[in-house]
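Student: What Swiss-Prot shows for this protein is this:
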- Lys11, Thr171, Asp172, Thr213, Gly214, Gly215, Met216, Ala217, Thr218, Lys219: ATP binding site (BINDING)
- Ser52, Asp139, Asn151: substrate binding site (BINDING)
- 278-356: domain 'PUA' (DOMAIN)
Amino acid sequence: MAATEGTVVVKIGTSSLTDMQTGSLRLSVLGPLVEVLTRLRSQGYAVILVSSGAVGIGCARLGLRQRPTAIAEKQAVAAVGQGRLIRLYDDLFSALNQPIAQVLLTRGDFVERSRYVNANRTFTQLLQMGVIPIVNENDTVAVEELKFGDNDSLSALVASMVQAKWLILLTDVDRLYSADPHRDPSAEPIERVWRGMPLQIKAEAHGNSGWGTGGMATKLAAAQIATAAGVTVVITNGKRPDQIPAILAGEPIGTRFEPAPQPVSARKRWIAYGLIPEGSLTLDEGAVRAICEQGRSLLPAGITDVSGDFEAGAAVRLCDPGGREVGRGLVNYSAEELRRIKGKKTAEIPYILGYEGVDTAVHRDNLALLD
C-alpha cells in the first residue's frame, strides 16, 4: 500500500542488537522490531531501518572477544558480519511477507552531489514499491577519512535526505539524562528538547558499549542534523521496539527533539552536514553578525585567519573569534588566496591577486548556519 503517514527512519545500535559479553544477536529484540516495522508499513508509513551490528556479528562468528581496531581487520570482520545480518533480517521479514533491500552507503555518497541525488532517488523508488530498506555503512570499502564513524550520523543524514517525518534512535537507555544513569544515581531525565535549547549534560559520560562506536554525544549530533531538516527525533530504549507506535502517536516516551520550525533547504543541509570541511576560516565579530543576524555573504575583509589547505569550491568551517563554529560554506578562493586577501577590502582584491575575482569569500547561497 502507498505510504500516507510519512517516513519513519529507525536506527538500532550494536548495544541494543547484540549481547555485550558475546557479541551474539539478541533475537528477543530483533523479532519484535521486525514485527513493529512491518505493522507500521501496513498502516501507511514508509519505513527505513538503519542497523548496526555487522562488526559485532562478524566478531562472534570468528570467535573474536573484542572489536578489532586495525582498519583492515575491522573491514574484513564487517564483511563477514554483514552477510549474516542481512540474511537474518531477510528471514524474519520474509516470514511476514515484507520485502526488504540492503543499502550500504559511504560518506562519499553524501559528499558527491550526484551520488547523493542518485541515492535519494533509489530510496524514493524502494519506498514507493513498499520495500523496507535496511541501511548500514559500507565498512568494507569505506576509507578512514570518508567514514561516518557511527550509524547515528548516518541515520540522521538518511532521514534528512528522504525528508523523513521521524527519526527513532534506539539505544541502551530509555531517554537522554543529565549524566550516565548507569553510574550516577542523581542523573535527571530530559524528556523534551527544542533547537537552540542549552543542555546541561555530560554527553561523554553516557559512553558506548565495547561492540559499538557511538555514544550519547553522537546521538545529540545526529539530532542536530535531523531536526535542521524538519525531522522529529526521539531517543528511546532499544530493548522496547514495541513502544515505537506509541511514540508516533505522541506519547511522552524517551527524549523528543523538536524539529526546526523552518527547515533548512536541502542544498544548505548538504553543505552543513553532508560535506567534510577541508579547513576553517576565523571571522571577526562584525562578520559573524553579518552572516548570522543579517543573512549576508562573507567578505574577505571579515576574515582574520585561515586554516587548512584547500582549493576554491571546498567546504570550510566558519568560526567566531573564540573558535566556536557558527556555520559552513563553499569558498570562492583557495586557502593560499584567502591568506593573501583576508582582512582586505573588496576593491583591493584585484591588485593583490592580479586578477578580477568575485567580491565574496563565501556567498550567502553557499553558506549554512549551525546552531
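A Cβ is built for glycine as well, from the same backbone N, Cα and C atoms used for every other residue.
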Student: With DSSP, how much of the domain 'PUA' (278-356) is helix, how much strand and how much coil, in residues?
Tutor: 26 helix, 23 strand, 30 coil
Student: If you measure Met216 (ATP binding site) to Asn151 (substrate binding site) at Cα, how many Å is it?
Tutor: 12
Student: Would you work out the biggest C-alpha to C-alpha distance among Ser52, Asp139, Asn151, the residues that bind substrate according to the record, and give it in angstrom as a whole number?
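Tutor: Farthest Cα pair among residues binding substrate: 11 Å.
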Student: Please give me the CB contact count at 10 A for Lys11 (ATP binding site), counting all chains in the structure.
Tutor: 31
Student: Quick check for the class: what is the C-alpha distance, in angstrom and rounded, between Asn151 (substrate binding site) and Asp172 (ATP binding site)?
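Tutor: Between the Cα atoms of Asn151 (substrate binding site) and Asp172 (ATP binding site), the distance comes to 15 Å.
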Student: Run through the Cβ atoms and count how many others sit within 10 Å of the one on Thr218 (ATP binding site).
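Tutor: The answer is 23.
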Student: Between Asp172 (ATP binding site) and Asp139 (substrate binding site), how many Å separate their Cα atoms?
Tutor: 23
Student: So if I measure Cβ to Cβ from Asp139 (substrate binding site) and keep only same-chain residues at least 6 apart in sequence, which ones fall under 8 Å?
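Tutor: Correct list: Ala54, Val55, Lys74, Gln75, Ala78, Ala79, Gln82.
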Student: Run through the Cβ atoms and count how many others sit within 10 Å of the one on Asp172 (ATP binding site).
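Tutor: Its Cβ shell of radius 10 Å holds 19 other Cβ atoms.
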Student: Take the C-alpha atoms of Thr218 (ATP binding site) and Ser52 (substrate binding site) and report the distance between them in angstrom, rounded.
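Tutor: If we compare the Cα positions of Thr218 (ATP binding site) and Ser52 (substrate binding site), the gap is 14 Å.
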Student: To the nearest Å, how far is the Cα of Lys11 (ATP binding site) from the Cα of Ser52 (substrate binding site)?
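Tutor: With the alpha carbons as reference points, the distance is 8 Å.
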Student: Report, as a single number, how many Cβ atoms besides its own are within 10 Å of the Cβ of Ser52 (substrate binding site).
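Tutor: Total other Cβ atoms inside 10 Å, all chains included: 27.
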